[in-house]
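S.K.: Can you keep this structure in mind? I'll have questions shortly.
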Ligand SMILES: NC(=O)c1ccc[n+]([C@@H]2O[C@H](COP(=O)([O-])OP(=O)(O)OC[C@H]3O[C@@H](n4cnc5c(N)ncnc54)[C@H](OP(=O)(O)O)[C@@H]3O)[C@@H](O)[C@H]2O)c1
């Protein structure tokens, strides 16, 4: 066969990008892999939808069997989305001995291990670079280029929508609700933004990254998740005054044979490289014991950036297909690490509370923190108003999360405290 035959499952944002990039960069792609890669069939669902005129209508099919069980297809690209159906389609494709590429983070964050094992059993590969951070080549980097490092930490801005919202709140002093409304109108947020703003999308991505970086299994369900919906204008303002920026981070840590996987808003020092990542851009900061600190920056979504990651995988899968070296990407998890509960995680905190504006209040609060082993790095009392209510803002040193939570529960019961209004974790120090 003088060309390699691809079946595309899905022709939405990513599928269209993949098709276009294959046409546009055909010369260099063919030269680099040694054969032309040709899309032979494209599976879609909606019979009435008008398709891009650049895409030949004879390629379109509505029957999954035309791709998944078709002997004239060598490689399947799943860019359809969903969990159950995509799982079924990928299993069918692997069982029919096709190389498979997917961009599906929802699926990979839950079932990567099972699907990779199935690929291995069939002597084939499953690639999923596009499932995390769109165009940023982070999965291949962790799997291959940094594979000899012990990775201690991964910390990333891995959701463009929330980074856009937090950037606008920071730069324009607007509330979360105002910015979200604009973001939906401009197409930067979905009309139902839950998966993004509640941190679920980022949680899927940190599960995938942590699994690879720490050589263990972390699924979406293992990740502690907090979104950005409770971040207020005041929090952003205090962050600024204290030398921080608020970002939604996915964080994975690999310490003493235990792993951490969490997504939550963070006060990050303004001089940390992640603090400069704005708007819809993504970035992933990785710390390895040999390489030290590295950071990867780029577009986390969109037609062509995501297609770029899919095509990179497609070229790897094609080379292995041509050279008959398929099945070489499999990596067995040898030892599973325990995943820490959030209460065991060590981190610093910013907290803000409304208190009675009378003498001795701070001493009472400090005593409760002290009794729980929490030391205070910084404190400010602000915005006294006529109602006799003052506001205390403080930042703790790094301590086990449980100690801070227990302290705050006790502090809320003090008769001098009206309400703890914000609790946000802080990345201590410059890095
Ligand atoms: N968009 C991004 O920037 C991005 C970035 C990274 C990863 N991803 C992932 O890439 C995947 C695709 O995303 P997308 O944004 O391209 O989605 P999309 O624009 O909604 O496109 C989905 C495509 O799949 C087809 N499809 C859906 N259900 C189907 C079914 N039951 N049978 C056959 N075809 C079906 C749709 O067919 P019709 O055309 O007939 O509706 C459409 O062509 C998702 O897993 C997503 O998480 C997306």
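Just so it is clear, glycine is given a Cβ too, placed from its N, Cα and C backbone atoms.
Note that the coordinates shown come from a computational prediction; the quantities given were computed from them, not determined experimentally.
Under the heading active site, proton donor, TrEMBL lists 205. For 9, 10, 11, 12, 13, 14, 15, 16, the entry in TrEMBL reads NADP(+) binding site. Marked as NADPH binding site by TrEMBL: 105. Annotated L-homoserine binding site per TrEMBL: 190, in sequence order. If you look up TrEMBL, you'll see 350-425 marked as domain 'ACT'.
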S.K.: Within the chain of residue 205 (active site, proton donor), which residues six or more apart in sequence place their C-beta under 8 angstroms from its C-beta?
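M.R.: Counting only residues 6 or more apart in sequence, the Cβ neighbours of residue 205 (active site, proton donor) under 8 Å are 105, 109, 131, 132, 133, 156, 158, 159, 250.
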S.K.: For the domain 'ACT' (350-425), jot down how many residues DSSP puts in helix, in strand and in coil.
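M.R.: The domain 'ACT' (350-425) comes out at 23 helix, 33 strand, 20 coil.
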S.K.: Which of 13, 16 (the binding-site residues) has the most other Cβ atoms within 10 Å?
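M.R.: Counting Cβ neighbours within 10 Å, the top one is 16.
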S.K.: Rounded to the nearest Å, what's the C-alpha distance separating residue 11 (NADP(+) binding site) and residue 190 (L-homoserine binding site)? Just drop the number here, would you?
M.R.: 19
S.K.: How far is it from residue 10 (NADP(+) binding site) to residue 190 (L-homoserine binding site), counting Cα to Cα, in Å?
M.R.: 19
S.K.: Can you name every residue in this chain, apart from 9, 10, 11, 12, 13, 14, 15, 16, with its Cβ inside 8 Å of the center of the Cβ atoms of the recorded NADP(+) site?
M.R.: 8, 17, 18, 79, 80
S.K.: A 10 Å Cβ contact count, applied to the binding-site residues 9, 11, 14: which residue has the minimum?
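M.R.: Fewest other Cβ atoms within 10 Å, among the binding-site residues 9, 11, 14, is found for 11.
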